[in-house]
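Working notes, structure below.
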Amino acid sequence: MANVVVIGAQWGDEGKGKITDLLSRSADVVVRYQGGVNAGHTVVVGEQTLKLHLIPSGILYPDTQCIIGSGTVIDPKVLLGEVEMLEQLGISTDHLLISQTAHVTMPYHRLIDQASEQQRGSHKIGTTGRGIGPTYADKSERTGIRILDLMDPEGLREQLTWTIAQKNVILDKLYGLPPLDAESVIEEYSGYAERLRPHVVDSSLTIDEAWRKRKNILFEGAQGTLLDLDHGTYPYVTSSNPVAGGACIGAGVGPTIIDRVIGVAKAYTTRVGEGPFPTELHGDIGELLCQRGAEFGTTTGRRRRCGWFDAVIGRYAVRINGIDCLAITKLDVLDDLDEIQVCVAYDIDGERCDHFPSSARSFANCQPIYKTVPGWKQSTSHCRNLEDLPKAALDYLKFLAELMEVPIAIVSLGASRDQTIIVEDPIHGPKRALLYTNGDSSAS
């Protein structure tokens, strides 16, 4: 038995969906523990490309129980749309469970999110406009609507009548927007409640029962470490905790049940939205990475900013999450490059800095210190074993492992399931994989 957390080691969009999908074959339970429809993950199965925002990647395996945990915020309309899409494709959602204590994104959350971002002007933070921040704000202010509240018609009417009256004042006085009709919202969300009811459970109890039966549990994070509310590039962050520690709170489990943390990172770096990005590339190479990597957001369709691999934020992610091993994705995107640069440290006002600075202002002033390594100038998308990789590609992976000081367990070379090198099974294998320490580049 192994209970594993999968987290993003960069700014999100690292390819966690594919990695979670691969690992779900060995998992009995998959738990999404934070975030909402602001995060999207893409899974390619044969000729089908599935884009999901709330439903865990494990939904494709009928024997894998999929849980949307209490740390998430749920837009019922989007969730039910995903359920319908999957069922139209012949994929059952009978094994989907929803935490009764997860909070619900309401229409006023979306309106306030979009209006607030627009008011920021040049100081915008890059929100998706899906209402995530305001939903988490209401959760913190103890005025939010939870899934279990949807299941109580009389209580829901009472709550929403009061809440919408308050929100209408904000919409009118602060943003100049027309009021919401409380009766229409109550009717709409009461309808959602009946459709969701068969899936609603006490998720913490369900997870505990699985753990006591020694089931394999996979905890799936959304976004990435550098978007974490407490540990990311604040204020250009999300409103929840994507880091590994967030799995315990968002799923309702104790830290002692976590056996392993897998960090997912691209072979380069991307970021969507606003905020500092030291290794960002603006020329031809940045455009090549964007086009070859299809770097457009699953949720918003926004173009992702692209840059070289940043080992400083990588080491920070290892430290914050206690990462045991890495999954490196999109190695094939680098196939055509003559040489590749890796940021090994920063220069801040003439001083070398090997660690991630907490201040956004300091981070914005960081100049990357690069080490240049040779490219391999040949396709890697067909490789299925380490021995199949060009020597320069293998050397690149070794270099990343040395810089991050953790082993590499998985290498992804394309969107399809089979375009993957499994160096070591992160769930059932020992904690070794590709490990390089003290400058030793031999596999252990």
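Even glycines carry a Cβ here, placed using N, Cα and C.
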So Swiss-Prot lists Asp13, Glu14, Gly15, Lys16, Asn38, Ala39, Gly40, His41, Arg142, Gln223, Thr238, Arg302 for IMP; which of Thr127, Thr128, Thr206 goes with them?
Thr128
Cα-Cα, whole number of Å: Gly12 (GTP binding site) versus Thr128 (IMP binding site)?
13
Please report the Cα separation of Gly301 (substrate binding site) and Gln223 (IMP binding site) in Å, rounded to an integer.
15
When distances run from the Cα of Arg302 (IMP binding site) to each of the recorded positions Asp13, His41, Thr42, the nearest one:
Asp13
Identify, among the recorded positions His41, Arg304, the residue whose Cβ has the fewest other Cβ atoms within 10 Å in this structure.
Arg304
Rounded to the nearest Å - Cα separation of Leu331 (GTP binding site) and His41 (active site, proton donor):
18
